[in-house]
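Student: Dumping what TrEMBL says about this protein:
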type	residues	note
DOMAIN	42-494	domain 'Major facilitator superfamily (MFS) profile'
TRANSMEM	104-122	transmembrane segment
TRANSMEM	134-156	transmembrane segment
TRANSMEM	162-190	transmembrane segment
TRANSMEM	227-249	transmembrane segment
REGION	257-278	region 'Disordered'
TRANSMEM	301-322	transmembrane segment
TRANSMEM	342-363	transmembrane segment
TRANSMEM	370-387	transmembrane segment
TRANSMEM	393-415	transmembrane segment
TRANSMEM	436-455	transmembrane segment
TRANSMEM	467-486	transmembrane segment
Amino acid sequence: MGSSPEFPPRRSSSRLLGIRAIEYLKRGPVSFKTHQAIVLIVTFLAYTSYHATRKTTSIVKSVLDPQSPDIGLSVPPQLRHNRISSSFLGNGWAPFNGSDGTSLLGDVDVAFLMFYAMGMYFSGHFGDRCNLRIFLTVGMLGTALFTSLFGVAYWANIHNFYYFLVVQMIAGLFQSTGWPSVVAVVGNWFGKSKRGLIMGIWNAHTSVGNITGSLIASAMLCYGWGWSFVVPGLMMAFVGLMVFFLLPVAPESMGVSREEDECNSPKKSGDEEVTEPLLAPENPAEEEPVGFLEAWKIPGVAPFALCLFFAKLVAYTFLYWLPFYVSHTAIDGKYLSSETSGTLSTLFDVGGVLGGILAGHISDHLDARAITAASFMYCAIPALFFYRSYGHVSLIVNAALMFITGMFVNGPYALITTAVSADLGTHKSLKGNSRALATVTAIIDGTGSIGAAIGPLLTGYISAKSWSAVFTMLMIAALIAGLLLTKLVMAEVATKIEESRSNRTQECSLDV
């Protein structure tokens with residue numbers, strides 16, 4: 001009596017102190033479904049923190065480069081002699097407050113994103129070959145450190161452009177550890193049934209992270225822009241420790257029985273229940289990680305990767321430049337402060353949450369990932385046009401159009417980087433080998449991240465002449481993204497037609 005309950009020994013419980021603490025509080029073993037819940041919550045918080053640290057730069061841009069006198073923003077003549085930026089933003093921060101400020105900010109963005117894209121390919125390779133929990137923890141702590149170092153420049157009075165450039169480069173490398181790791185872990189614990197809906201909801205971490213980063217960075221500006229980097233960095237370090245103590249990488253590593261979902265219920269033989277793993281290999285002892293080139297040959301990987309190149313070009317241009325664009329655009333004849341612009345820009349991400357869930361649910365219901373992704377990309381084109389053309393009419397119109405644009409832009413981006421990546425990482429051509437998840441995810445998101453780097457870079461230069469040209473570039477990118485999936489769309493349509501004919505034939509044979 002009064003003694004601690006005894007549990008069956010588990011191989012990794014001694015390493016995961018957080019799981020042991022939960023078992024102690026529950027006074028019983030942690031079930032499979034509880035492990036799944038822990039995985040979803042911890043990975044959600046992990047990638048929320050990644051995006052929160054990634055978003056801060058876009059909020060601080062209008063403080064680092066407040067005036068941008070030659071940016072071509074259709075400033076009314078009566079306001080040109082007294083730019084509102086000088087009244088509430090101050091004089092900026094060298095070297096970004098000069099005439100080439102937007103170009104330098106674009107260079108910093110592209111440095112981060114190019115190293116992020118390059119690091120992504122290596123992260124996927126290492127992720128399938130090492131302990132994902134340790135790998136993810138190191139990446140998060142490194143990201144926290146270098147995000148904070150960017151903000152330290154505020155107190156250290158650093159004005160050297162190359163300091164900011166190098167810090168962002170290294171931060172990009174550490175950030176690249178996140179996505180392949182979290183998708184691989186979630187893919188290890190969840191089967192294909194309703195994967196689009198589950199991952200669509202789970203992928204809200206991207207938008208929640210952007211919103212959190214925007215709100216924190218905007219709120220910290222009044223204390224000094226350095227805090228806009230340091231606070232999200234500290235938050236990420238805390239979540240990184242949570243990952244280290246709590247995140248179970250796979251059912252096998254925890255010694256728990258893998259359970260089927262409703263659509264894949266366990267097969268029974270007599271009184272014994274035999275469970276077939278959803279993603280487990282036929283012979284775990286012989287399972288080998290899939291090579292980089294081999295992963296590219298998986299059907300569907302290349303077109304979805306190239307589609308994501310253009311989809312992320314659009315999404316990340318908004319991620320890095322939307323608050324800046326809003327603060328430098330007269331809405332109903334008035335300019336908004338950087339704090340208000342940053343807060344307003346979160347509506348784009350709120351729309352992205354809905355878009356990701358809708359895209360996942362629709363693709364599950366239709367069993368057509370390509371059709372869903374392409375349709376959303378085509379719908380993004382008129383959404384972008386109307387936001388640019390009528391966003392200045394009033395604050396309400398701007399907010400509504402921003403929300404709709406976020407829904408159509410982020411919907412396919414969320415679908416491809418989650419459900420599609422997990423589907424292709426467990427493609428039937430792999431014959432049950434689950435050790436391709438991180439590699440496939442890295443290939444798709446890494447290719448997309450190259451587009452994510454190019455979009456903000458081009459925007460930094462093109463916006464100096466015309467924001468209309470920037471939106472034209474984004475609409476063309478959305479069109480190309482949709483067209484790249486044409487072959488897969490046609491294949492899905494042909495499959496649907498064949499299924500419809502087969503069903504009608506069966507119905508006719510039954511009637512006879």
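Positions of Cβ are set from backbone N, Cα and C atoms, glycine also.
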Student: Mark yes when the transmembrane segment (227-249) and the transmembrane segment (134-156) have three or more Cβ pairs under 8 Å (sequence separation 6 or more) and no when they do not.
Tutor: yes
Student: Relative to the transmembrane segment (436-455), which of 162-190, 227-249, 301-322, 342-363, 393-415 accounts for the most Cβ pairs at distances under 8 Å?
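Tutor: Of the candidates 162-190, 227-249, 301-322, 342-363, 393-415, 301-322 scores highest.
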Student: Take the domain 'Major facilitator superfamily (MFS) profile' (42-494) and average the pLDDT across it for me.
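Tutor: Across the residues of the domain 'Major facilitator superfamily (MFS) profile' (42-494) the model's pLDDT averages 81 on the 0 to 100 scale.
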